[in-house]
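A.B. asks: Here's the feature list from TrEMBL:
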- HIS40: active site, proton donor (ACT_SITE)
- 33-40, 151-154, LEU180, 188-191: ATP binding site (BINDING)
- GLN64, GLN157: (R)-pantoate binding site (BINDING)
- GLN64: beta-alanine binding site (BINDING)
Amino acid sequence: MTATIVVNSVEAMRREVAGWRSQGFKVGLVPTMGALHPGHISLVEEARKYAQRVIVTIFVNPAQFGPSEDFGKYPRTLEADVEKLSEVSADLCFAPTVEEIYPKGFSTRVEMDGPARAELEDSFRPTHFSGVATIVAKLLNQAQADVAVFGEKDYQQLLVIKRLARDLDMTTKICGAPTLRETDGLAMSSRNVYLSAEERRIAPRLHAGLEETARRIKAGEALSPALESGRAALSEAGFAIDYFEVRHADTLARVKSAQDGPLRLLVAAKLGATRLIDNLAV
Ligand code: PAF
């Protein structure tokens, strides 16, 4: 275990990175919004496969929250997060203030098409991906890492970030890492703490719904009825569905049949006041 160094300024992070580079180390970046759970830690471990030094950024990015979303109540647990990072010997935690990231006069926003306008998350959170693209572009520029790791849990986000890095000729390689799940199948998420005990009991049905739908498609059922059964099962369990869809796994384009694959199932649904998302390869 090595204590993780915490810095708040871009300058201090760059100084550390320059020192590592002069020693010939490769650098990995794991952008997060904190409230770290084992899923985040698995991203740090993934980054370690490519890099000798790993930076974890912790920044609850106001630009990616809509006006009625949970920016104010999003869990902020920096001290506990740094302890968890030290346990896995993450080398550096970059935890900037809002002013460090968006100083007075900040006037730039990255707008994207392609996977950012797939009519999935973007239909329900219209400004979300421009907020994500803006902060991720900044973090990639600030850290100049060799590799950056993002979870597949936010599947549309992962494709958006891959597109962003390619379109803007960024040199950092973007890697996805598999979703970590609780033993009952619920995808780990910082937002799971919002669930009441009863909602927590129901929440794993989201993943179960994806698995059952994937099973039906693989067994040869047509996409529409398979999706309809999945939606019905979730509604019956008490979810209010935003979307439950199957798309092309690489582009998020709509598909007509399993032959149009590789396929990815994607879902977002509310349980009470908590919105959960998940996805599964078919
Ligand atoms: O996935 C997240 O936690 C955030 O969207 C990210 C990528 C750190 C950008 O704020």
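A Cβ is built for glycine as well, from the same backbone N, Cα and C atoms used for every other residue.
Predicted automatically and left uncurated, TrEMBL annotations should be read as such.
Just so it is clear, the model here is predicted, and its values are computed rather than measured.
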A.B. asks: Which entry in the list of binding-site residues, GLN64, GLN157, SER190, has its Cβ near the fewest other Cβ atoms, using 10 Å as the limit?
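C.D. replies: Sparsest of the binding-site residues GLN64, GLN157, SER190 by Cβ contacts within 10 Å: SER190.
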A.B. asks: My understanding is the cutoff is Cβ-Cβ under 8 Å with a sequence separation of 6 or more in the same chain; which residues meet that for LEU36 (ATP binding site)?
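C.D. replies: In sequence order, VAL56, ILE58, THR77, ALA80, ASP81, LYS84, LEU85, SER190 meet the Cβ cut-off.
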A.B. asks: With respect to ligand 1, which members of the recorded positions MET33, HIS40, GLU152 satisfy a Cβ distance under 6 angstroms to one of its atoms?
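C.D. replies: Close enough to ligand 1 are MET33.
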A.B. asks: At the level of the C-alpha atoms, what whole-angstrom distance separates LEU180 (ATP binding site) and GLN64 ((R)-pantoate binding site)?
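C.D. replies: Pair distance, Cα basis, whole Å: 23 Å.
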A.B. asks: Any idea what the Cα distance is from GLU152 (ATP binding site) over to GLN64 ((R)-pantoate binding site), rounded to a whole Å?
C.D. replies: 18
A.B. asks: Would you kindly give the Cα-Cα distance separating GLN64 ((R)-pantoate binding site) and GLY39 (ATP binding site), rounded to the nearest Å?
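C.D. replies: So the alpha carbons of GLY39 (ATP binding site) and GLN64 ((R)-pantoate binding site) sit roughly 21 Å from each other.
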A.B. asks: Per 10 Å Cβ neighbour count, which of the recorded positions MET33, GLY39, HIS40, GLU152, LEU180 ranks highest?
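C.D. replies: The residue with the most neighbouring Cβ atoms within 10 Å is HIS40.
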A.B. asks: Secondary structure at MET33 (ATP binding site) (DSSP, helix/strand/coil)?
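C.D. replies: Its secondary structure by DSSP: coil.
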